[in-house]
Amino acid sequence: MTLDVGFLGHRFMGRAHANALARLPMFFPDAPATNLDVVVGRDESALATAVDRLGFDRCATDWREVLDEVDVLYNLAPNRLHVEPSIAALDAGTHVLCEKPLAHTLSAAERMAEAARRSDATAGTAFNYRFVPAVQYAKRLVEEGFLGDLRHVRATYLQDWLVDPEEPWSWRNDAELAGSGALGDLGAHSLDLARFLTGDDVERLSGHLRTFTEERPVEGGGGDGGGSDGGNPETRPVTVDDAYTAQVEFASGATGLFEASRVAPGRANANEVELDGTGGSIRFDLERLNELEVCGADDRGFETVLVTGEDDPYLDRWWPPGHVLGWEHAHVHENYEFLTAAAEGESFAPDFRDGLDVQRLLDAIQRSDERGEWVSV
Ligand code: SOE
């Protein structure tokens, strides 16, 4: 059986997932066959390029017209647009892999999780870092009891692409479209990794959001930015956070510190998680994603374990031992697992409930910031 696939969105994540689908027949021949049927967007010239470069049969400008024609919808659109198309697709029996965060608001995420619950189709939230081999290796260590009793979770996700105040405005700077900024875009990954790795739930937290640049130029705006009148460039307000921090308490009694930023020079895409327990510590750093740092409670320091052997998760599918993997490979693993689950009528993890659980944390961090006090989740 060949699954007809539709993408809503075709930019960064469109390329990441199209690349993953192209790799599957070569490296994961047991994956269900897919046909890139249709890519949906608004900009017709960009859509034509996407058809050409990503390998779709056709393009469309209205997602409503294609839902009945595809078996799987990849929802890669701005966060607010995750909601209605995903719900409509699930109601039509179409499988959905939706980018993170699940939605722009908690109530929207609740509606999406409810749609997934009532549908027979498979629904997944694209927390791709779960599928990095070193992260899966870390999870195995935790499940084997290496950490003992969990004491601390420390997770930071830092980027630098908004350091320059002249960096143009985009939907990622808009609360209506995105819901939040660094919090939802990057913090969602950290919060999901913490849940995934520890299996622990956050019970209460104190969150803080900051916006350092209050407005940004609109690309192609008037004035100095490229217009003819020589006046000030047109700008739009930034209504989301550039950075957040959160202090949390887990149900187990462990404590956690979380931070994300888009204004951290030198940190292009630094996603780090560290877990400390009575038995030892484990540290993952996306900038060195083929390694895991591990320290037993009686050791004198961290040992670096290379996760590049054929016994490591997914590694036997790729190259001989030691031939390292990159960021894009996690998307391939994620797509392999999702499509296999969809073709077999199974559920996939992370599903929309996982997306909703993370959304509850995002919402609690925003609530705490607004109230200036600790809140329960
Ligand atoms: C942009 O900040 C972004 O593409 C995120 O949206 C992704 O989730 C992250 O993996 C990389 O950075």
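Just so you know, glycine gets a Cβ as well, placed from its N, Cα and C.
These come from TrEMBL:
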- 209-218: compositional bias 'Basic and acidic residues' (COMPBIAS)
- 219-230: compositional bias 'Gly residues' (COMPBIAS)
- 4-123: domain 'Gfo/Idh/MocA-like oxidoreductase N-terminal' (DOMAIN)
- 135-283: domain 'GFO/IDH/MocA-like oxidoreductase' (DOMAIN)
- 209-238: region 'Disordered' (REGION)
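Residues of the domain 'GFO/IDH/MocA-like oxidoreductase' (135-283) grouped by DSSP class, helix first, strand second and coil last, total 36 helix, 51 strand, 62 coil. Residue counts for the domain 'Gfo/Idh/MocA-like oxidoreductase N-terminal' (4-123) under DSSP, helix first, then strand, then coil, are 60 helix, 25 strand, 35 coil. Confidence annotation: the domain 'Gfo/Idh/MocA-like oxidoreductase N-terminal' (4-123) carries a mean pLDDT of 98 in the model.
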